[in-house]
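Worksheet: the structure to be examined is printed underneath.
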Amino acid sequence: MLSFVDTRTLLLLAVTSCLATCQYLQSGSVRKGPTGDRGPRGQRGPAGPRGRDGVDGPMGPPGPPGSPGPPGSPAPPGLTGNFAAQYSDKGVSSGPGPMGLMGPRGPPGAVGAPGPQGFQGPAGEPGEPGQTGPAGPRGPAGSPGKAGEDGHPGKPGRPGERGVVGPQGARGFPGTPGLPGFKGVKGHSGMDGLKGQPGAQGVKGEPGAPGENGTPGQAGARGLPGERGRVGAPGPAGARGSDGSVGPVGPAGPIGSAGPPGFPGAPGPKGELGPVGNPGPAGPAGPRGEVGLPGLSGPVGPPGNPGTNGLTGAKGATGLPGVAGAPGLPGPRGIPGPAGAAGATGARGLVGEPGPAGSKGESGNKGEPGSVGAQGPPGPSGEEGKRGSPGEAGSAGPAGPPGLRGSPGSRGLPGADGRAGVMGPPGNRGSTGPAGIRGPNGDAGRPGEPGLMGPRGLPGSPGNVGPSGKEGPVGLPGIDGRPGPIGPAGPRGEAGNIGFPGPKGPSGDPGKPGERGHPGLAGARGAPGPDGNNGAQGPPGPQGVQGGKGEQGPAGPPGFQGLPGPSGTTGEVGKPGERGLPGEFGLPGPAGPRGERGTPGESGAAGPSGPIGSRGPSGAPGPDGNKGEAGAVGAPGSAGASGPGGLPGERGAAGIPGGKGEKGETGLRGDTGNTGRDGARGIPGAVGAPGPAGASGDRGEAGAAGPSGPAGPRGSPGERGEVGPAGPNGFAGPAGAAGQPGAKGEKGTKGPKGENGIVGPTGSVGAAGPSGPNGPPGPVGSRGDGGPPGMTGFPGAAGRTGPPGPSGIAGPPGPPGAAGKEGIRGPRGDQGPVGRTGETGASGPPGFVGEKGPSGEPGTAGAPGTAGPQGLLGAPGILGLPGSRGERGLPGIAGALGEPGPLGISGPPGARGPPGAVGSPGVNGAPGEAGRDGNPGSDGPPGRDGQPGHKGERGYPGSIGPTGAAGAPGPHGSVGPAGKHGNRGEPGPAGSVGPVGAVGPRGPSGPQGIRGDKGEPGDKGHRGLPGLKGYSGLQGLPGLAGLHGDQGAPGPVGPAGPRGPAGPSGPVGKDGRSGQPGPVGPAGVRGSQGSQGPAGPPGPPGPPGPPGVSGGGYDFGFEGDFYRADQPRSQPSLRPKDYEVDATLKSLNNQIETLLTPEGSRKNPARTCRDLRLSHPEWNSDYYWIDPNQGCTMDAIKVYCDFSTGETCIQAQPVNTPAKNSYSRAQANKHVWLGETINGGSQFEYNVEGVSSKEMATQLAFMRLLANRASQNITYHCKNSIAYLDEETGSLNKAVLLQGSNDVELVAEGNSRFTYSVLVDGCSKKTNEWGKTIIEYKTNKPSRLPFLDIAPLDIGGADQEFRVEVGPVCFK
């Protein structure tokens, strides 16, 4: 049956089945419902369709030769098999089907008895190759073969005996930190010191004991951050923390050494018959043989006209299965399959003993910042910080309490004149006094208003020349001038670097056919040609006359061993032959099975040292080495998880004060300390905002009275004078009530740091703080000990065919094997020379129907027939377990648009949710419950078949899929010997599902049974994981009406809103046993969370549901009585569902193809160029997209793939640096780094557009891991600057330095691992012309590339210039 199923379907379904099985194992057992009673026997079905052609009957006795009949008309084409091989309960037939069509013409009949001795005929055609002769004697030893390629590295040898103690080794690398010691016992608290008496004010004394903390003042505004202090000296290395919790899975480690070979697999299935090989070259003509034994019947005459058809033979019994063929040759090694899914995390292994100190690794990349260390002790006083910018004015604080009354101030200045008193009553008129003295001049009157503008004055005389002004600031650059005329052509530039090879050009047009040559001279007569191969077997000739027995001819020489012929049909058992003479010693047979292990041989001489093998597994820990010297302090490790509390340790001595730590976070408020001494006076703060007005001061004391003058005459009141100048301030009045605090003044400059106070007693340990957030993933840890072996995984998918492995070393010749079985029949030989035509025999009488001859050789394959109609939909397969959640597949190819279905009933609008922030895309949510079925859309037209895709890799075996279209009929197999007809056995207990048996004889139809009781509803199943989103199916045909089932348990409420009660169930199929619940359908779009509404009224009845699946669940048994036979070709049997299945399979196939064969595009990048070359060997070198770190393709990078060398090349950005002339800070005889010093810290970068430098660094790190070789070149363009060899001195002292990626310096001479080579050196002498030197560095340590910087030495002169051109870095 399987031969009719589309192989792709099986592969895809196999994957689904395997995943489902895994999921089933994980999800725990599912309670299976009780098996229902067996239903009654169904009614007698309608007459089945026509049965298949019966098997040919046994051979009849040979008939007499028939008279030649007239030529028959061409036979109609046979029916195309549309075998749907399905079990059916309905296939009870009322008897044998109608007689089948006439079968194909049978093979020629058996050869008749030998006729009488004929005349000596002409030499017959060469006979078929004889059976394989006995093995010849052992030949002489062949010449030694070429040395085989190196074999795979052997397993690591056993450890040798301990050698003599060597000399004192070099200083070892620092060992790993020891395990943490137990915590020391807490020491006794020291006695509190006595408080010192205050001394006389003198030189500032040592700081006193800290005073008690004062009451906490109001929190000051946060000061501006000071400048970052200098990095303190590194503290001593901390004790090793306890082992942290298991970190996230690190990136895949380097590929380990090859494991030991697995156990031999079970013998594979018999391979298909290989294609007929091309005939081998003809061997040299042998010597003419002696006269052979009398030949068989003479040359076959032309076949007679076909006889009349014989009677149809009785149906033969099914033949016994044939003998299993010999196992096929092992196929070539498959290409490594994709990496299997990560196994479950093994249990944590025990900590192994410390291994011996490893060799020093290369400097690692800079690690992520460690977690914040504990706060160090206060550092020494820093330098005075810069004055901060003034802060914003603070809000006014509350009014403070009234201050104490101040002591009386010093005597104040006289107060201002008091206000005039109230006017007294008018006095009596006095007597006229004498004339007074002229009074002083009155106060100047108020200035008059400005007069009108006077007439313009005459121009003044010119002034003296003023001093020359200061030079003004440089003006802004002027507008660009017009472009100047085109200058003369410059000298021809130097040749650029060799570019990447261009893509391969298209094939040229085929050349014109040449003219016909002159006919050649006739050649000399050739040697006799070799015997031709057998001609095709002719039809049997007429029965010859009985010949007389010829004389025994001499034995001919043994012929060449013929090729094994194809397997012939089973002949009748021959009579036992006479015992033959013992044969000569045969040729060496094939290697026998592996013998038992021999005793160990003597130790051989030491061979030459072999190549370095791949790293072996870790050996047992060696003895402890001598203690190495203390290593350099390592970088702080990331904080480990808290270990269990240790025993208290002894009190340690006071440590040396550490360097100043970085500013820690604000600690919790401490207890109140003792009052400290006054600090040094700070710099006065800025003047605050004016306070509120004070209360009026007391009146000042009256001044001393002056001598009274004579009374003057009463003057008339003058005009009111202007306000006089303010009088002097009066004495200070008493303190007014405290005003509102002024606005906060600007922050004063930071005072000098006070001296450190004495460290207070250690506070009690605070409660453990909450766990901080997880730090960033630490750097990749060293490789952990191997976990325990995981459970045996499921068989991986067969890998793609790998390249053939290297030839192994030729083994010793095996012992002679037993004589091989008779070989299969060799391929048909070339046609022999045409024999002379025999005379036409007389027409014999018509023969009886002959026994069926053996099957003829299969004819050449006919032209493919037209595709048969779609087979019937197969019976539903076993319900698969829900598959595990697959990774999100790539978007499938858009299917053809179906016609839109009618609109469904619109749901009630949900409440508007608040707008959420745009989140990162979440993982697919759990699937909601399936919504109600919409009205069925009209069927869309089926799409045309797409082009066949590339062949995918072999998938996991799938569950049985729907029956595919019938394949073309295979060639007739050879008929085996007829078996005896067995008696009908008793019915046995139900066994496990076996393979499909041969068709049994039809039994009589039973009476119709009674309808069975309704089955119990099954238990509610676990919610399945979401499957791949299927294509929306077309509405199925309605099933036969059944009884309504009980209401199932309600599913979990989906998030999409209130769901009404389920509508009435549609008609169901015939009741079967309750099956396992099916997988949940595709998830709908997740709606916003609706509030739980009241249950709505029952909806209208839905459309009829699709037919129910056949019951049986996992109690699947083949209980059908018969196969359902072929459907007639004309009946339309293609159901609409088949289109959906076919489209889904095509989509899955395309997605898997895409995963397995990357295209090098941005959406489907490869991992490296090597993967692209393996997937598309016909592609040319060009730019492609790759994604070395896999995962999301958003950070894929565009690289140049050089398929001729297998390299992945990444360009620097930018490639050229601008030319640099004299660099003023260049010191004599000192290299200057271009990026770090001259360009202000910008090193060479290798960015790709759209990818950040961090992402690019990650991709480069993965490229280094994936490659085992790297190379790069850099071109130094110079003018009067030496780049490598100084031709004047012949030294390399002025050669440039290069900085690699791991901070290694690459030099011109020295250690060969770190020296670069020079391809072109045009900068060896100073010629006032531009030249260039091309430097190349190749390494098998990809971590050293790409170049990050270059440091020339010979620069800085007024006539010196240089620039750099960075070539691409290529990984392989």
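Just so it is clear, glycine is given a Cβ too, placed from its N, Cα and C backbone atoms.
Which of Cys1192, Cys1201 pairs with Cys1169 is settled by Swiss-Prot: its disulfide partner is Cys1201. Per Swiss-Prot, the annotated N-linked glycosylation site among residues Asn213, Asn1273 corresponds to Asn1273. Put simply, of the binding-site residues Asp1187, Gln1190, Cys1192, Asp1195, the one whose Cα is nearest the Cα of Cys1201 (disulfide bond) is Asp1187. Rounded to a whole number, the distance between the Cα atoms of Cys1209 (disulfide bond) and Cys1169 (disulfide bond) is 9 Å.
Counting every protein chain shown, 21 other Cβ atoms lie within 10 Å of the Cβ of Cys1209 (disulfide bond). Across the fold, the C-alpha of Cys1192 (Ca(2+) binding site) and the C-alpha of Cys1278 (disulfide bond) stand 44 Å from each other. You'll find the Cα of Asp1195 (Ca(2+) binding site) roughly 40 Å from the Cα of Cys1323 (disulfide bond). Note: the Ca(2+) site is recorded as Asp1187, Asn1189, Gln1190, Cys1192, Asp1195; in the same chain, Pro1165, Pro1188, Gly1191, Thr1193, Met1194, Ala1196, Gln1259 also have Cβ atoms within 8 Å of that site's Cβ centroid. For Cys1370 (disulfide bond), the spatially nearest entry among the recorded positions Asn1189, Gln1190, Cys1278 is Asn1189, judged by CA separation. Within 10 Å of its Cβ, the residue among the recorded positions Cys1169, Cys1192, Cys1201, Cys1323, Cys1370 with the fewest other Cβ atoms is Cys1192. Each of the binding-site residues Asn1189, Gln1190 was scored by the number of other CB atoms within 10 Å of its CB, and the largest score is that of Asn1189. The Cβ neighbour count for Asp1187 (Ca(2+) binding site), using a 10 Å radius and every protein chain shown, is 21.
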